[in-house]
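Straight from Swiss-Prot, the features:
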BINDING   N46, D88, K107, F133, R394  ATP binding site
COMPBIAS  225-246  compositional bias 'Acidic residues'
MOD_RES   S257  phosphoserine
MOD_RES   S263  phosphoserine
MOD_RES   T299  phosphothreonine
MOD_RES   Y303  phosphotyrosine
MOD_RES   K437  N6-acetyllysine
MOD_RES   S447  phosphoserine
MOD_RES   T481  phosphothreonine
MOD_RES   K483  N6-acetyllysine
MOD_RES   Y486  phosphotyrosine
MOD_RES   K533  N6-succinyllysine
MOD_RES   K533  N6-methylated lysine
MOD_RES   K576  N6-methylated lysine
REGION    215-554  region 'Interaction with AHSA1'
REGION    221-272  region 'Disordered'
REGION    622-725  region 'Interaction with NR1D1'
REGION    697-726  region 'Disordered'
Amino acid sequence: MPEEVHHGEEEVETFAFQAEIAQLMSLIINTFYSNKEIFLRELISNASDALDKIRYESLTDPSKLDSGKELKIDIIPSPQDRTLTLVDTGIGMTKADLINNLGTIAKSGTKAFMEALQAGADISMIGQFGVGFYSAYLVAEKVVVITKHNDDEQYAWESSAGGSFTVRADHGEPIGRGTKVILHLKEDQTEYLEERRVKEVVKKHSQFIGYPITLYLEKEREKEISDDEAEEEKGEEKKEEEDKEDDEKPKIEDVGSDEEDDSGKDKKKKTKKIKEKYIDQEELNKTKPIWTRNPDDITQEEYGEFYKSLTNDWEDHLAVKHFSVEGQLEFRALLFIPRRAPFDLFENKKKKNNIKLYVRRVFIMDSCDELIPEYLNFIRGVVDSEDLPLNISREMLQQSKILKVIRKNIVKKCLELFSELAEDKENYKKFYEAFSKNLKLGIHEDSTNRRRLSELLRYHTSQSGDEMTSLSEYVSRMKETQKSIYYITGESKEQVANSAFVERVRKRGFEVVYMTEPIDEYCVQQLKEFDGKSLVSVTKEGLELPEDEEEKKKMEESKAKFENLCKLMKEILDKKVEKVTISNRLVSSPCCIVTSTYGWTANMERIMKAQALRDNSTMGYMMAKKHLEINPDHPIVETLRQKAEADKNDKAVKDLVVLLFETALLSSGFSLEDPQTHSNRIYRMIKLGLGIDEDEVAAEEPSAAVPEEIPPLEGDEDASRMEEVD
């Protein structure tokens with residue numbers, strides 16, 4: 001519970017900062033950061049968001065603006081008090097908002113930002129994590145926030161950090177509606193009271209904010225007045241100064257008197273110059289919205305500044321697309337690709353505010369899901385429509401045909417932008433590292449643009465070395481006899497490159513695409529073909545490699561020769577495999593496990609088993625179909641065939657078949673249901689190899705716990721006793 005202190009009738013409540021926020025503030029206060037100026041950008045950005053909210057509410061309920069029609073941001077430096085004040089006429093905060101938003105409830109980004117900071121990230125990232133307000137403590141020793149929401153009284157929040165803050169009802173000067181942030185600056189931060197410095201920071205970070213930012217400065221100026229006016233003014237001053245004598249008529253000291261002797265002749269009154277104090281108001285962001293200007297007149301620096309003010313990013317954007325659409329529908333858009341993926345790119349619960357929607361230059365909202373598909377959620381920018389109604393609601397947006405057309409155009413322009421970027425290999429590499437998952441998600445979700453998206457994919461292949469290659473480049477290198485694009489999915493480039501599945505394909509000189517991200521499994525389910533060539537997994541049944549007559553004949557002979565062994569192995573393994581066949585894909589491995597054409601690969605099975613909310617019924621039928629393929633040219637398989645032909649009931653044959661199957665499961669990327677039994681078989685093989693007699697070991701250690709004997713195969717489909725092999 002907060003402490004309550006009573007000052008007369010005024011009630012002051014003290015709250016402790018939530019632990020992570022207190023830690024963050026301590027980090028901000030006690031670490032040296034060179035670019036402290038970003039505090040002003042963050043506070044202006046928060047003010048702009050508050051103004052956006054009240055303007056949006058007023059579109060459906062104009063009475064919300066009765067408490068103040070003008071939407072603006074004022075900056076007021078006061079050198080004598082050493083304070084810098086920011087005032088906005090935004091939505092304001094209720095008492096509950098004040099307590100929750102400024103201290104007691106940690107945002108999801110608080111911890112992530114601290115981790116990023118400690119890993120060496122720049123303090124200027126703070127706004128991207130939703131905790132920009134606390135940057136005020138970079139320059140302030142104490143912060144006071146006075147706020148008034150239409151639904152509540154005026155309240156004041158105050159904190160000098162130190163782990164706690166106070167909230168009280170504020171009976172000072174009424175602010176109507178909005179928020180006033182008063183920063184009591186540290187002694188060494190008074191530069192932010194200087195006109196030049198404030199202007200410089202606002203121009204650098206906030207010149208594209210959509211509301212007027214006005215700087216209020218107390219200045220002195222010389223004023224020229226006539227003698228009569230001077231006397232009146234002096235007279236007024238005299239009344240105010242009680243301690244001065246009132247005998248003589250006041251004389252104004254000459255600052256720069258107009259010494260004209262013949263003034264009488266010219267019938268002109270004498271004039272004097274005096275100094276007076278006045279408040280100078282200067283609007284700092286008169287720039288009209290950048291997206292309304294002609295792209296040819298805008299420099300890359302201006303785009304960069306706008307991008308930074310829009311996103312709170314400290315780095316420049318990677319690429320930009322500025323376009324307008326005219327005709328039946330009219331809108332302008334300015335889209336940016338960032339250099340990095342945000343920390344919460346695929347967090348579903350977080351409302352994305354990456355594209356701001358305007359209607360005729362009036363901001364409507366910044367979390368419009370209908371404006372851009374999920375897979376392009378990293379694109380930042382603005383869209384300004386001439387056709388949508390100003391008072392459009394979220395419900396109307398969902399049904400809006402205009403918005404559907406805008407969305408279609410945005411997707412088209414984004415894909416154009418990616419294709420343009422692909423021509424610059426260095427920058428495309430950065431883009432692909434950050435956003436390849438988005439492109440693959442697009443292939444899974446967006447059937448209309450699947451072909452265009454597939455052209456943007458880049459993969460390592462068996463022939464690409466350290467570089468990544470496009471599917472178009474792969475097709476251009478295909479052999480004349482090759483009809484399909486071969487690929488393999490797995491956990492890493494090293495794992496798939498050494499896989500048994502690629503042995504013969506590579507030996508025959510065919511290129512294999514290595515797909516090593518979990519999302520590739522989903523992507524390739526939808527991407528059935530590219531440029532007229534089907535995509536074929538080398539880990540699934542039915543792999544057809546171009547063969548000449550001699551190879552076909554040899555394959556038929558092998559099938560006939562090993563037919564009985566295949567039948568026997570199927571009997572021994574029973575339900576563990578759907579069938580046992582001769583392989584055309586193995587070279588140096590004795591066997592491998594392949595899956596049916598429509599079943600999951602081993603990699604997909606691994607991914608699905610890792611899902612916390614998996615559907616076990618789907619797991620059942622998708623992972624059941626396994627085929628064991630044996631290599632007819634391998635000595636192990638040949639020896640096994642000979643043993644089986646000599647005595648198909650030989651226990652050693654059964655043991656070896658099970659051991660081969662389980663080893664093939666592992667090398668093919670599957671997991672074992674009973675790894676302990678498999679391990680015990682391997683240990684027994686090692687003992688045999690070392691010539692250790694098991695009976696002797698047991699006799700030497702009579703007190704040792706004897707492990708349960710591994711049951712024979714007949715009684716259990718998972719295990720069999722290992723017989724000594726010649």
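These residue numbers are counts, starting from 1, taken along the chain as shown.
Glycine is treated like the rest: Cβ placed from N, Cα and C.
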Task: Fewest other Cβ within 10 angstroms of its own Cβ, chosen from the modified residues K437, K533, K576 - done: K533
TODO: Sorry to bug you, but what's the C-alpha spacing from S447 (phosphoserine) to K437 (N6-acetyllysine), rounded to the closest Å?
DONE: 16
Task: Residue pair F133 (ATP binding site), Y303 (phosphotyrosine) - Cα distance, angstrom, rounded - done: 26
Open item on the list: If I take the Cα of Y486 (phosphotyrosine) as reference, which of the binding-site residues N46, D88, K107 has the closest Cα?
Closed with: K107
Open item on the list: In whole Å, how far does the CA atom of K533 (N6-succinyllysine) lie from that of Y303 (phosphotyrosine)?
Closed with: 41
TODO: By Cβ count within 10 Å, point out the most packed of the recorded positions listed: N46, T299, S447, T481.
DONE: N46
- [ ] Let me know the most crowded of the recorded positions, choosing from K107, K483 and counting other Cβ atoms within 10 Å.
- [x] K107
- [ ] Measure from the Cβ of Y486 (phosphotyrosine) and count the other Cβ atoms within 10 Å, all protein chains considered.
- [x] 24
Task: Candidate with sparsest Cβ neighbourhood (10 Å radius) among F133, Y303, the listed recorded positions - done: Y303
TODO: Note the mean pLDDT of the region 'Interaction with NR1D1' (622-725), expressed as a whole number.
DONE: 74
Open item on the list: With every protein chain in view, what's the tally of Cβ atoms within 10 Å of the Cβ of D88 (ATP binding site), excluding that atom itself?
Closed with: 28
Open item on the list: Please report the Cα separation of K483 (N6-acetyllysine) and K107 (ATP binding site) in Å, rounded to an integer.
Closed with: 54
TODO: Give me the Cα-Cα distance between T481 (phosphothreonine) and N46 (ATP binding site), rounded to a whole Å.
DONE: 63
Open item on the list: Whole-number answer please: how many Å between the C-alpha atoms of D88 (ATP binding site) and K576 (N6-methylated lysine)?
Closed with: 70
TODO: Find the one among the modified residues T299, Y303, S447, K576 whose C-alpha lies closest to that of K107 (ATP binding site).
DONE: Y303
